[in-house]
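*Asks:* After the structure tokens below, expect a handful of questions from me.
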Amino acid sequence: MHRYRSHTCAALRKSDVGSTVRLSGWVHRVRDHGGVLFIDLRDHYGMTQVVADPDSPAFKAAETVRGEWVIRVDGAVKARTDETVNRNMPTGEVELYAREIEVLSAAKELPLPVFGEPDYPEDVRLKYRFLDLRRETLHKNIVRRTEIIAAMRRRMSDIGFTEYTTPILTASSPEGARDFLVPSRIHPGNFYALPQAPQQYKQLLMVAGFDRYFQIAPCFRDEDPRADRLPGEFYQLDLEMSFVEQEDVWDAMEPMIRAIFADFAGGKPVTDKFPRIPYDAAIRKYGSDKPDLRNPIEMQEVTEHFAGSGFKVFANMIASNPKVEIWAIPAKTGGSRAFCDRMNAWAQSQGQPGLGYIFWRKEGEKLEGAGPLAKNIGEERTDAIRTQLGLGDGDACFFVAGEPAKFYKFAGEARTRAGEELNLVDRERYELCWIVDFPFYEWNEEEKRVDFAHNPFSMPQGGLTALSSDDLLSIKAFQYDMVCNGFEIASGSIRNQSPELMVKAFENVGLSQADVEERFGGLYRAFQYGAPPHGGMAFGIDRIVMLLVGAKNLREISLFPMNQQAQDLLMGAPSPAEPAQLRELAIRPVPQKKD
């Protein structure tokens, strides 16, 4: 028999009754029932109940073991009685009667429990992550993550993609976030950067004559953490294709990701045909370029109903500024003053002056609008708004006014708030969509200049003619995102493979041809030697896993994450370097000034 085990703790079944077996694992818990000890023995695969009665030669050792000790147990497999069968365990029809117990490793008193879902401080959980990972939910999440990545690899291979790996030490490149820099010992004063994404390398692969590349790529960005973004590193399913238009990328990736969701959704419905929503339409309907389509609320413009109306706040805004619009947020079943007042109070808590509203109720046989706005604009305008929005008895509507560019984010948050408060969001489904036609440029208010809105390597719609126009902010890019339940899970574009277009695109944001050659020299040179039309995208693996397992944040699906301050409490990183190491790298720390 093997030194440690003949079976795993998930393997034994009724067919094994009468067998002598050996198991090894962690003591999950010990229970004393009338002098008989019951030990739940756990390993990576599952759990088996071990029994030690006072007549057993293993009983003395069984009395000493404690939770999370690692032990080896030899014994006989016996069937449980009908009344003691545990239908919730694969091994629940049998138990192991111990004949010998060997303690392989004792455990100190635990700083946190490893069963159940303890509400322990995150820093304690991360410092003792090796214990935290023993919890069933977290353990299952990590296993499921591995299964999802394996399924991605398999499905990408099935549709003709080949996995290639690209360098981890590379040059610094402005991708929209800070780089992690790595000093060069051989070239003092110079630095490598960890890649924010394999963007340039995968495009160079297409220029080199490869096609249908993919990679499970580690990416590194020195960003502030949040619930849907880990500090430091993350992983993406990266891909690129040659001789394609954006529809070709969509047609290849939509069935693949739908199949991944269907495989791991646990029976929840998944969108069959992903709608393609232009960016501008998404902003106006949902107040976001990553809308949660499980929420049925769609905003509409109702400016005309307030122009020249008795509600002077809106009417005067419209009259004095042609950019002003009034957006309506319909809220079916929200037609109570209490709910409307809660929404108004919430808006004020967000720094807004309030949230105007109308709600409708029947007065006898007549449907009437109620609330201050209804009284000010009159019955005819109130009814016109209700008709436009398709509302009825017991429904409400909220209004946001101003220049859309300044208020659309708040309007989107109000839409989300109303949908959640009214339980309109179906949380038992996955709603996916494409967001397309992103703006190529945007206005940088801080620096008072035009800047790239998203990926600077995207192909602008309209080509050189558009880039030479006076209205740069109207240019759209062949850029697209995939969104699921309010989270961006992928982003991509058709690339700009023309050196002339590349230079012009960067000139419009204040960078010269020399700047382009210095910052993107490899890509710029490559495009001068026969570059095919190409495009691709990248899926955020961490976010996809988080959605599929129902985790609240990314730390619940990552093995050894950092905390919110970008610290690895388990390994003690970041940490000071030894003086000798710094001298070797020609680096001298500069003392930080105290505030």
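Yeah, the Cβs are placed from backbone N, Cα and C, and that goes for glycine too.
When I checked Swiss-Prot for this same protein, it listed these features:
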SITE      His33  site 'Important for tRNA non-discrimination'
BINDING   Glu175, Arg221, His454, Arg495  L-aspartate binding site
REGION    199-202  region 'Aspartate'
BINDING   Arg221, Asp222, Glu223, Glu488, Gly540, Ile541, Asp542, Arg543  ATP binding site
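I'd like to know what surrounds each of these features in this structure.
*Replies:* Around His33 (site 'Important for tRNA non-discrimination'), no same-chain residue six or more apart in sequence has its CB under 8 Å from its CB.
In the three-state DSSP reading, Arg495 (L-aspartate binding site) counts as strand. Around the Cβ of Arg495 (L-aspartate binding site), the same chain contributes Gln203, Phe457, Ser458, Met459, Pro533, His534, Gly535, Gly536, each under 8 angstroms and 6 or more positions distant in sequence.
With a cut-off of 8 Å between Cβ atoms, the residues of this chain six or more beyond the region 'Aspartate' (199-202) that come close are 166-167, 170, 173, 175, 213, 215, 238-240, 455, 457, 520, 522-523, 536.
Sequence-distant neighbours of Asp542 (ATP binding site) (same chain, six or more apart, CB under 8 Å from its CB) are Leu230, Phe234, Tyr235, Leu554, Ile557, Ser558, listed in sequence order.
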*Asks:* Across the region 'Aspartate' (199-202), what is the average pLDDT of the model, as a whole number?
*Replies:* 94
*Asks:* Write out the long-range same-chain contacts of His454 (L-aspartate binding site), meaning residues 6 or more apart in sequence whose Cβ is under 8 Å from its Cβ.
*Replies:* Phe438, Pro439, Phe440, Ala477, Gln479, Ser491, Ser493
*Asks:* Over all shown protein chains, what is the count of other CB atoms within 10 A of the CB belonging to Arg543 (ATP binding site)?
*Replies:* 20
*Asks:* Per DSSP, to which secondary structure element type does Glu488 (ATP binding site) belong, with helix, strand and coil as the options?
*Replies:* strand
*Asks:* Where the record says Arg221, Asp222, Glu223, Glu488, Gly540, Ile541, Asp542, Arg543 bind ATP, what is the longest distance in Å from one Cα to another among those residues?
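*Replies:* Of all Cα pairs among the recorded ATP binders, the widest measures 19 Å.
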*Asks:* Determine how many residues of the region 'Aspartate' (199-202) DSSP places in helix, in strand and in coil.
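*Replies:* The region 'Aspartate' (199-202) comes out at 4 helix, 0 strand, 0 coil.
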*Asks:* So if I measure Cβ to Cβ from Ile541 (ATP binding site) and keep only same-chain residues at least 6 apart in sequence, which ones fall under 8 Å?
*Replies:* Arg145, Ile148, Ile149, Met152, Ile216, Phe234, Tyr235, Gln236, Leu237
